[in-house]
């Protein structure tokens with residue numbers, strides 16, 4: 001033991017001297033920390049109900065579309081489901097302690113509609129046990145000095161509403177969502193000041209109704225043979241149209257709710273990629289970038305800022321795109337206090353001349369192809385996750401923020417998700433996953449670009465949330481993909497183990513004004529690995 005203590009002292013002294021002399025600083029001689037960002041900038045971790053809670057048949061909860069999807073089509077979610085998930089329903093108190101230990105300010109979580117209103121309709125009655133669970137969760141967060149940041153809907157609509165009228169395919173969803181949101185504001189609004197209505201309407205509409213790889217799992221049969229019904233050319237547009245109207249209806253309720261304080265805010269969470277032209281010398285590919293941004297961001301943000309869809313989408317989709325009435329346009333326009341941005345990665349895009357217009361679908365309406373490499377064969381980044389889907393492109397975060405600032409009147413933004421995953425294919429040990437240097441570098445580089453966007457470019461960004469606190473159920477990837485700052489041992493009672501990234505964030509967010517520089521952090525990490533072999 002004495003040898004270990006001596007080793008620690010020597011290592012820390014050497015590391016501190018190296019850092020003081022500016023040696024081997026691979027990131028920066030003046031590393032970022034909490035104080036590199038504006039006062040009251042919000043740092044937090046994010047989650048969602050279906051991915052975390054489990055307890056799907058406990059406490060009066062009814063089944064959601066994801067319960068049905070994972071059990072009806074297990075092969076489409078890696079044979080996994082959220083029945084237990086990471087058991088947050090029973091373990092939220094211990095998980096809140098993990099958030100506090102990392103010096104995080106906020107916790108973003110979603111409410112399970114089917115846990116609060118089992119039938120989906122307020123008129124059919126409230127599940128008091130479900131309401132009490134969220135009240136207990138909110139109280140526990142506040143008692144630990146953590147701000148609750150609530151999402152009303154994160155993809156898990158009660159199955160009952162889909163059975164009755166097709167959920168977001170029907171305009172009937174607007175009033176049911178309005179009533180659900182109003183109830184949430186009344187019940188939780190006195191203690192929750194930050195709200196979002198919907199998480200990632202683009203992903204919900206496209207993955208659920210164009211590609212069919214997420215619940216609802218609908219698409220044209222020729223797009224995906226696993227889809228049993230759907231129309232990829234019309235349903236994504238219809239779903240998002242009703243979703244935007246439901247969002248606006250909820251915001252109306254928010255702004256007249258007597259339980260909501262004057263400093264409370266509400267928004268919606270979008271999920272933009274950044275795009276670069278496949279051929280930087282091609283005007284057609286540069287125009288494809290603009291179309292990609294219009295479909296990826298403008299589809300939902302343009303109605304919120306300007307009251308209507310982008311002209312590009314109107315032209316491409318024609319009469320398959322629903323239109324707003326004058327009253328609806330006025331209701332949707334300016335129905336936000338801030339915009340949530342979930343940014344992960346970027347793609348190259350090329351103009352596509354070979355679209356089959358006899359088989360319309362949302363993705364081909366864009367007349368472009370997504371590419372992982374450019375014309376010369378270069379990837380957009382040298383760093384990717386194990387699936388080769390998520391490529392780290394920090395510059396894209398700064399670019400997307402400036403694009404939104406310049407095109408959409410510089411709205412207030414929160415980075416509501418940003419994260420990097422490990423792919424567990426059975427060949428990687430727990431120790432290797434815990435030593436998540438790639439994740440640390442991913443977050444540091446994105447935070448550097450975010451800080452530039454704020455201080456140099458004038459982007460109005462107020463917060464940054466990592467995805468995610470814990471490894472969890474990652475939709476069609478099941479539990480094979482791990483985004484957590486904490487490792488969840490699915491084979492041993494769901495034990496939580498801090499990854500190195502959790503320790504890095506703890507020091508990044510220290511309020512002492514003396515954060516751990518990256519090289520000192522790496523020296524300590526090397527020391528710890530050495531001690532394991534003594």
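Each Cβ is built from the backbone N, Cα and C atoms, and glycine gets one as well.
Given the structure is predicted, the values throughout are model-derived calculations rather than measurements.
For 1-22, the entry in Swiss-Prot reads signal peptide, with the evidence type sequence analysis. The beta-D-glucoside binding site annotation in Swiss-Prot covers 51, 154, 199, 200, 344, 417, 467, 474, 475, 483. The N-linked glycosylation site feature in Swiss-Prot is assigned to 68, 374, 425. The feature active site, proton donor is assigned by Swiss-Prot to 200, with similarity to another entry given as support. For 219-227, the entry in Swiss-Prot reads disulfide bond. Marked as active site, nucleophile by Swiss-Prot: 417.
Overlay of Swiss-Prot annotations on the structure.
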residue : record                        : contacts (Cβ under 8 Å, 6+ apart)
51      : beta-D-glucoside binding site : 82, 85, 86, 468, 472, 473, 474, 475
68      : N-linked glycosylation site   : 159, 215
199     : beta-D-glucoside binding site : 48, 110, 151, 153, 154, 155, 269, 340, 342
200     : active site, proton donor     : 155, 269, 270, 271, 342
219     : disulfide bond                : 209, 210, 211, 212, 227, 230, 232, 361
344     : beta-D-glucoside binding site : 273, 390, 417, 418, 419, 467
425     : N-linked glycosylation site   : 386, 480
As a test of the contact definition, list every same-chain residue at least 6 positions from residue 374 (N-linked glycosylation site) whose Cβ is closer than 8 Å to its Cβ.
276, 277, 278, 279, 280, 348, 380
On the three-state reduction of DSSP, what should I expect for residue 417 (active site, nucleophile)?
strand
Cβ neighbour count (within 10 Å, all chains shown) around residue 475 (beta-D-glucoside binding site):
24
So the record assigns 51, 154, 199, 200, 344, 417, 467, 474, 475, 483 to beta-D-glucoside. If I measure every Cα pair among those residues, what is the longest distance in angstrom, as a whole number?
18
When DSSP states are folded down to helix, strand and coil, where does residue 199 (beta-D-glucoside binding site) land?
strand
I'd like the Cβ neighbour count for residue 227 (disulfide bond), meaning other Cβ atoms within 10 Å of its Cβ, all protein chains included.
23
Using DSSP reduced to three states, classify residue 227 (disulfide bond) as helix, strand or coil.
coil
